[in-house]
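Visitor: What TrEMBL shows for this protein is this:
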- 175-391: domain 'Membrane transport protein MMPL' (DOMAIN)
- 250-269: transmembrane segment (TRANSMEM)
- 276-297: transmembrane segment (TRANSMEM)
- 303-323: transmembrane segment (TRANSMEM)
- 343-362: transmembrane segment (TRANSMEM)
- 368-387: transmembrane segment (TRANSMEM)
- 417-434: transmembrane segment (TRANSMEM)
- 641-659: transmembrane segment (TRANSMEM)
- 679-702: transmembrane segment (TRANSMEM)
- 723-742: transmembrane segment (TRANSMEM)
- 748-771: transmembrane segment (TRANSMEM)
Amino acid sequence: MNLRRQIAVIVWLLVVAACVLVISRSQFTADMSAFMPRNPTPGQKIMVDQLRDGVVSRLILVGVEGAPAPVLAQISKNMAAVLRTSPALVAVNNGEQAGMEKDFDLLWRNRYLLSDAVTPQRFTPAGLKESLSGYLDLLGTPMSGMAQRVLAKDPSGEVIHLLEQLQGEAHPSMQDDVWFSRDGARAMLLANTKGAGNDIDAQEHAVLAIQGAFEDARKKALPAAASAQVRMTGPGVFSVQSRASIRDDAWKLSLIATVLVASMLLLLYRSPRVLVLGLLPVASGALAGVAAVSLGFGSVHGITLGFGVTLIGEGVDYGIYLFTQIEHDESPESTLRRIWPTLRLGVLTSICGFSAMLFSGFTGLAQLGLFSIAGLIVAVSTTRWVLPHLLPQGFFVHASTRFSSVLMLLVRQAPRARIVLFAAVAIAVAFLVIKRDALWNDSLASMSPVKKESLALDEQLRRDMGAPDVRYMLVLSGGDQESVLQQGEAVAGAMHKLVAQGLLEGFDTPLLPSRALQQARQAALPDAAAVRSNLGKALQDLPFRGSTFAPFAQEIAVAKQQPLLDRAAFEGSNLGLKLDTFLVQRDGGWLLMLPLRGVRDAQGIEQGVRHMPGTTIVLLDMKTESEQMFRDYRHEAAKNAMLGALAIVALLFASLRSVRRVVEVSLPLAAAVVTVTTWLILGGHTLSIFHLIGLLLVVAVGSNYALFFDQRCISAQDRERTVTSLVFANASTVLGFGLLSLSQSPVLNAIGSTVAAGAVLSLVFSAILIAGRDA
């Protein structure tokens, strides 16, 4: 091996070693926000931030089923007792009073600051008489015990009022003192993780803690709990499941693809050494792709690793082109010089196609683009400057004469199918034009890397938990917490009027009042003398003894002087979790989010609050916003895909320097795209952005076949070798992308099924429209 060859191999080894070093220090994630836009609108940013690290991302809904209700209730209690001590969780609620003690204590100690009923009128003789009469109405109700507990110190009924407000919100049914689904089939728990939603390791620890607590509780309840099982859902659970699923897919599909491609190469070349050499471009490209993504984005998404399966199919093509095209008594270097212009052009067209992903507004797709571009460059570079120096002396592929003869016969007969092909494509185009309004799916579910079964379970458990379908939300913004809380209080007054008008059923507010409102409530509290006087008048004609309420005046006196509440007072309680959901600090400012329930007239609500003085308010329609978000990015992706296709055409023209040849090379690719799209629609699919990316990859991959078929002035023997190499290269590509269609990830499944079908059709259509021309 001369010095130049040694340098090439040494550089390659250094690059591979550097990639391994980078990968060993890389962070791998399955954060779903990678498939959210990188530059969202303000409303979209709220959704993305909440999904990434908001309180919503930390919630895990748990359902225990498969046993009699009393057994499920006991399992729920045992699980909650264990999980409340888990370092992976900050709160666990299953409806038990034991889990609500901190909340009640917070409400009790601060009831006069928190209750919106605290006004001067509340403590007049008439106001107190009305409150005391309300206590009488509670006798014989489930609230009777609570009423007797608090009556003496709270005759104005503030804590009862607060509890009724909280109970009026959506919550699960109660059975055996714990939460149950409406049909009584599941015991329900709600857990809040310590780690953020995008900290998948922390989320996995929480999931394992819940699973472990369930197993321990189930064992204690045997044999009645023998068939019991636990179901979990939530953003963190999705991330954990997605990472495990993608990891499993990446290893399993990569192993299957490697075995199948290796078997094909071994059958073709009958040399273990050449088999290993044929896989070197693939391995080198995969390592380079992962390292490039890690350096470019700071982390590598699991779907990017799964996408690496495609490089096994695409990258091995280059070795096949080289090995199969080597003629008898010809050196590998000479062969590469002969085929390099076509091979290089094919790689460049593929890079143009993947570039559309690189410039996508989705971080996840941009990672796939960078992975593919870096991988292809390194794979083809390894083929060009390393493989020739590692092949055995005198290497030559003895192709099957019968197989080659059959292929050439098919190629010569292929032009007879042109009329049929043109007619089929024309029908397909007409079909797509007719269906143009129903081609695309812009729903959030179509973009999610989460399996449909998991989404269905999430919907079911949310119904069981009694969680409302929060589609609409009022979002207020301010420079500081106090100003945004005051805005919320002003808006709440207007919203109560809209509820009375029937525009919506209700809305949720954070329990924390502004400091100004807390001070106003303290000012509304009477002095001790007035308390005693007004209470004495209120007790007339009521069956209460005056001595019962001796502590009341002291409670009022303490409340008038107690420190005002702040956010810290709610920490560690379930009420604090609710507050953190509604009140969020972002980008140096504050947001207050008020979920709306049972909206009947969104336009009327928007008009009712739009021009309120001193407020910055937006009515956010989560469904419309998410669909518009993906519609915009689908349009962006279509634009990038069009630019990528134009770049491919420009590249072809710059190389072929003939409009006619560019058209001839492009026609099979266009026909393949139209046919695959029609096949997808007829198969019951609606197109997502991932199908669009797949169609562009069809153009990028298929252009390799068209270019090799388009080679002019080559001998019949060279033509035969070219056709043979294309068939084997196509088989490896279809294996790579076809296996992706078996992936559990909807993203990889959509891309894989689209490209696998498109690659086959590109080869067949190229044979029909180009190869038969001079075969």
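Every residue, even glycine, has its Cβ placed from backbone N, Cα and C.
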Visitor: Could you pull out which residues elsewhere in the chain have a CB under 8 Å from any CB of the transmembrane segment (250-269), counting only those six or more residues past its ends?
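Guide: Long-range Cβ neighbours of the transmembrane segment (250-269): 275, 278-279, 302, 305-306, 308-309, 312-313, 316, 319-320, 323-324, 397, 728, 731-732, 735-736, 739-740, 742-743.
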Visitor: Test of understanding: applying the rule of at least three C-beta pairs under 8 Å (pairs 6 or more apart in sequence), is the transmembrane segment (276-297) touching the transmembrane segment (343-362)?
Guide: no
Visitor: Go through the chain and flag residues at least 6 beyond the ends of the transmembrane segment (641-659) whose CB is under 8 A from any CB in it; none is fine as an answer.
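Guide: Tertiary neighbours of the transmembrane segment (641-659) are 341, 345, 348-349, 352-353, 355-356, 665-666, 692-693, 695-696, 699-700, 703, 707, 710.
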Visitor: Mean pLDDT across the domain 'Membrane transport protein MMPL' (175-391), rounded to an integer, is what?
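Guide: Per the prediction, mean pLDDT sits at 86 for the domain 'Membrane transport protein MMPL' (175-391).
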Visitor: Do any residues of this chain, six or more beyond the ends of the transmembrane segment (748-771), have a C-beta under 8 angstroms from a C-beta of it, and if so which?
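Guide: Sequence-remote neighbours of the transmembrane segment (748-771) are 249, 303, 306-307, 310, 410-411, 414-415, 417-418, 421, 664-665, 667-669, 671-673, 675-676, 679-680, 688, 690-691, 693-695, 697-698, 701-703, 705-706, 709-710, 723, 726-727, 730, 733-734, 737-742.
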